[in-house]
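Engineer: Right, I'll just put the structure down here and ask away after.
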Amino acid sequence: MPSTKNANGEGHFPSRIKQFFRINSGSKDHKDRDAHTTSSSHGGAPRADAKTPSGFRQSRFFSVGRLRSTTVVSEGNPLDESMSPTAHANPYFAHQGQPGLRHHNDGSVPPSPPDTPSLKVDGPEGSQQPTAATKEELARKLRRVASAPNAQGLFSKGQGNGDRPATAELSKEPLEESKDSNTVGFAEQKPNNDSSTSLAAPDADGLGALPPPIRQSPLAFRRTYSSNSIKVRNVEVGPQSFDKIKLIGKGDVGKVYLVKEKKSGRLYAMKVLSKKEMIKRNKIKRALAEQEILATSNHPFIVTLYHSFQSEDYLYLCMEYCSGGEFFRALQTRPGKCIPEDDARFYAAEVTAALEYLHLMGFIYRDLKPENILLHQSGHIMLSDFDLSKQSDPGGKPTMIIGKNGTSTSSLPTIDTKSCIANFRTNSFVGTEEYIAPEVIKGSGHTSAVDWWTLGILIYEMLYGTTPFKGKNRNATFANILREDIPFPDHAGAPQISNLCKSLIRKLLIKDENRRLGARAGASDIKTHPFFRTTQWALIRHMKPPIVPNQGRGIDTLNFRNVKESESVDISGSRQMGLKGEPLESGMVTPGENAVDPFEEFNSVTLHHDGDEEYHSDAYEKR
């Protein structure tokens with residue numbers, strides 16, 4: 001189809017699709033070698049790993065929640081993990097400026113970014129070829145999620161000055177169409193003849209009836225998830241602005257408290273991280289990485305950050321309080337510690353949507369498990385705990401795939417997220433014992449495919465109340481992961497699972513990561529599996545969740561387990577630091593000419609989200 005260009009020689013594309021892909025990214029080349037990663041735990045110092053007769057590389061494991069262990073040990077020579085591709089256009093970086101520290105690097109000098117092939121853009125054939133009007137219709141079908149990465153210029157390959165690239169606006173190059181394919185992508189205008197194979201279009205046949213919508217209460221989601229919905233300001237609060245109510249969680253370097261803001265009376269979950277412990281355990285970069293992900297993410301299934309600031313001894317992340325507690329605890333209260341297949345499909349869909357967004361942002365989550373999934377008071381899920389997440393190397397451009405029907409109302413566009421992660425591999429040995437993928441155990445490096453493996457384990461656990469490869473000890477569990485087939489109990493009283501569900505689990509738990517579902521086109525592979533045929537992806541957050549938490553009073557923490565606190569953090573007595581770590585009352589502190597503040601890159605900001613004022617107003621009138 002001939003392209004239409006404006007006076008500047010730029011083609012046109014529906015503006016809503018541009019908004020869908022609004023992010024930019026960058027990579028900064030420099031040399032630094034990360035220290036040995038340490039074990040994540042509730043306590044205890046890390047120790048080096050050692051070989052065992054079983055041949056597995058070992059680390060010290062610590063009990064987490066249900067006696068499942070979390071492993072965080074560096075394996076081999078870690079590859080480069082470059083600076084996150086968060087947007088220069090993102091309000092957070094527009095306010096703060098680009099960070100000077102590459103938070104995620106655990107390796108040596110970064111390798112050259114892989115070449116990105118030209119993306120061939122094809123369209124439906126014959127009479128199904130979309131017109132300009134149907135392109136606008138296609139744009140309307142897209143569920144607009146703010147901060148979703150941009151298709152053009154997502155990564156930059158030649159930043160000679162070491163700075164991040166400028167804003168990666170969706171380029172106005174012409175949208176190409178042909179008569180021999182059912183895919184739509186973005187044409188890369190290069191003089192060479194490179195082209196990539198078009199992705200097969202998902203089959204949209206058989207979409208079921210729309211599930212009944214949830215009756216929206218005043219406390220349901222009201223956030224505006226658009227690219228302009230976040231306003232970033234200098235931090236407006238400090239430790240003295242909050243009253244501590246109760247400890248609701250703890251880890252090896254910090255604790256999570258339910259707090260109430262004195263001025264507004266709003267409840268928040270405040271993550272308090274000890275600077276001393278982070279230095280001791282070499283986890284500073286993880287805290288900086290988590291802040292960056294939280295501050296730049298804007299998605300209904302990812303926990304919201306409102307304030308970040310620091311005192312002389314602590315870092316503070318003030319986040320949305322999810323009164324439903326851990327999804328793990330909700331599962332434990334169900335008969336058989338499991339839920340029906342239809343309910344598991346709903347939560348698997350929400351997790352898939354969250355992972356799709358993270359992959360578009362260039363992040364590999366790497367720690368999916370029920371303990372890291374929180375239930376919003378509306379019953380929808382929210383992913384939390386991003387300290388183990390990893391940033392990918394510069395990758396390619398996402399390709400949009402439309403259904404065979406072209407403009408059919410039942411044919412929703414999907415996006416190839418795999419290209420955003422490129423061929424990035426990391427050698428870090430991280431994860432939860434029963435959720436670790438085979439390639440992580442082998443120490444051969446892993447990619448974003450580990451997130452789809454953990455999704456398969458999660459679905460299995462939701463259905464059967466246990467993980468599929470659990471052994472009597474850690475080595476037995478690892479051996480089962482590497483060698484055993486997936487067991488589907490069929491004895492009397494065992495859950496009755498459909499063949500489509502078993503098919504999805506089998507494909508997600510393929511031991512060869514290159515053949516695993518999601519290895520070809522990322523989340524689109526999962527979303528187009530027949531198991532999700534009746535799932536209305538664009539309407540998930542407006543549907544009624546299977547589990548709606550009992551609220552009680554907001555401060556009752558009914559859905560959280562009791563956590564014993566050995567040493568309480570005095571929030572109100574902490575001495576607040578300035579925007580870049582200097583004590584407020586003392587001006588710029590220079591402890592030494594060559595001294596470097598390791599927490600200088602932790603930014604103190606307040607984030608305002610459109611719709612929250614009305615939401616909080618209703619919430620606290622009902623308390």
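Yeah, the Cβs are placed from backbone N, Cα and C, and that goes for glycine too.
According to Swiss-Prot:
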type: ACT_SITE; residues: D367; note: active site, proton acceptor
type: BINDING; residues: I248, G249, K250, G251, D252, V253, G254, K255, V256, K271; note: ATP binding site
type: COMPBIAS; residues: 27-36; note: compositional bias 'Basic and acidic residues'
type: COMPBIAS; residues: 170-180; note: compositional bias 'Basic and acidic residues'
type: COMPBIAS; residues: 199-209; note: compositional bias 'Low complexity'
type: DOMAIN; residues: 242-532; note: domain 'Protein kinase'
type: REGION; residues: 1-215; note: region 'Disordered'
type: REGION; residues: 569-596; note: region 'Disordered'
Engineer: To the nearest whole angstrom, what is the C-alpha distance linking V256 (ATP binding site) and the residue listed as 'active site, proton acceptor'?
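Structural biologist: Rounded to the nearest whole number, the Cα-Cα distance is 18 Å.
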Engineer: Would you identify the secondary structure of G254 (ATP binding site) according to DSSP, in three states?
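Structural biologist: In the DSSP reduction, G254 (ATP binding site) maps to strand.
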Engineer: Let me check the 10 A CB neighbour count of I248 (ATP binding site). How many other CB atoms are there?
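Structural biologist: 22, counting other Cβ atoms within 10 Å of I248 (ATP binding site).
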Engineer: Between the Cα atoms of K250 (ATP binding site) and D367 (active site, proton acceptor), find the distance and write it as a whole number of Å.
Structural biologist: 16
Engineer: Give the distance between the Cα atoms of D252 (ATP binding site) and the residue listed as 'active site, proton acceptor', rounded to the nearest whole Å.
Structural biologist: 16
Engineer: When you look at I248, G249, K250, G251, D252, V253, G254, K255, V256, K271, which the record names as binding ATP, what is the longest CA to CA distance in angstrom?
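Structural biologist: Spelled out: the longest distance between any two Cα atoms in I248, G249, K250, G251, D252, V253, G254, K255, V256, K271 is 15 Å.
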Engineer: To the nearest whole angstrom, what is the C-alpha distance linking I248 (ATP binding site) and the residue listed as 'active site, proton acceptor'?
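Structural biologist: I248 (ATP binding site) to the residue listed as 'active site, proton acceptor', Cα-Cα distance: 20 Å.
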Engineer: Could you say whether, by DSSP, I248 (ATP binding site) belongs to a helix, a strand or a coil region?
Structural biologist: strand
Engineer: Counting only residues 6+ apart in the same chain, whose Cβ is under 8 Å from the Cβ of G254 (ATP binding site)?
Structural biologist: K271, V272, L273, S274, E277, L315
Engineer: Looking at the domain 'Protein kinase' (242-532) alone, can you tell me the average pLDDT?
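Structural biologist: On average, pLDDT over the domain 'Protein kinase' (242-532) sits at 87.
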Engineer: Given the recorded positions K250, V256, D367, which one has the fewest other C-beta atoms within 10 angstroms of its C-beta?
Structural biologist: K250
